[in-house]
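Asker: Below are the structure tokens for one structure; questions will follow.
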Amino acid sequence: MSLRAVPGYFAAYPSEGFQGLDSTKYDHLELINHKNWKELYHAIPRNTKNRHYKLLILARHGQGYHNAAILRYGMEKWDAYWSLLSGDEHGEWLDSKLTPLGKDQVRRTGSNVLLPMAKQLGMLPHVFFSSPMRRCLETFIESWTPVLAETQELPAGTKISTRIIEGLRETLGSHTCDKRVAHSMAVDEYQDFSTESGHTVHWQYVPDYPEDDELWLPDHRETCAEMDKRTLNGLFELFNQLSSEEKFISLTCHSGVIQSVLRNLQHPPIYNLDTGKVVAVVVEVPVNTADRGRL
């Protein structure tokens, strides 16, 4: 058995054989068979001896300085020249942070998508995960702050733990925007971050998390097949951490990761997913995932 998406919940995957949709033309997050998130959640299949079911929320980071540069220079010049540099006069994009527009995008997503979702479900995700890249750390903070501010069960000062998965990063190699800064630099800037809602975000890293980026190479851009293998290992790492009761899961990541996750889950493609947008998938997880090991 392998991981797979379950159809029939969202417009992005209404039925088997669906060929995908353009998210700029259609609402990929539309609930197609349920009135609200609570009804949808209760319609997710019950766990069995061999299979568990999860509601996985995949959030793309907001606009980073590298995204702004692509719009400014065009993809051809970006790939050929600018992506190999660390920035320009408008900003630095090595392990890019969010632009002001990017922060606005994910705040709107928090208020318009995540908050109604959490209110209808009557809960926050059971477990939060994130890519280690700075644009994702900032996206998590900015997008979930409006939700935390409305969550009365979590008084100010509550610590929100978010687990970092190193393997669920954007396409590796060559482009400096996808090179991670030193771990100590990210920790100094973001660890135990105090949100505007008065909560504290604590990032959970694996023991012996590497100080320097050991995955990114300057002279090799990861292929689609290589990325899919890495992403699948990252998904195994994620699901192996969950109990059977932890069903509502959040992952803050990248467009490339989301597309790779969808391929690994045999989910139809979602084209042109904009920065700051969210994809939701019901996932069937083999109970023996932990026994599969790494690929």
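Backbone N, Cα and C define each Cβ position, glycine as well.
These numbers come from a predicted model, not from an experiment.
According to Swiss-Prot, the protein carries these features:
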{"type": "ACT_SITE", "residues": "His61", "note": "active site, tele-phosphohistidine intermediate"}
{"type": "ACT_SITE", "residues": "Glu170", "note": "active site, proton donor/acceptor"}
{"type": "SITE", "residues": "His254", "note": "site 'Transition state stabilizer'"}
Asker: What does the structure give for the C-alpha distance between the residue listed as 'active site, proton donor/acceptor' and the residue listed as 'active site, tele-phosphohistidine intermediate'? Integer Å is fine.
Answerer: 11
Asker: About how far apart, in whole Å, are the alpha carbons (Cα) of His61 (active site, tele-phosphohistidine intermediate) and His254 (site 'Transition state stabilizer')?
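Answerer: Computed Cα spacing between His61 (active site, tele-phosphohistidine intermediate) and His254 (site 'Transition state stabilizer') is 6 Å.
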Asker: Rank the recorded positions His61, His254 by the number of other Cβ atoms within 10 Å of each Cβ, and give the residue at the low end.
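Answerer: Taking His61, His254 as the recorded positions, the minimal 10 Å Cβ count falls on His254.
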Asker: According to DSSP, folded down to helix, strand and coil, what is His254 (site 'Transition state stabilizer')?
Answerer: coil
Asker: Three-state secondary structure of His61 (active site, tele-phosphohistidine intermediate) from DSSP?
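Answerer: DSSP assigns His61 (active site, tele-phosphohistidine intermediate) to coil.
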Asker: Which secondary structure state does DSSP assign to Glu170 (active site, proton donor/acceptor), in the simple three-class scheme?
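Answerer: DSSP assigns Glu170 (active site, proton donor/acceptor) to coil.
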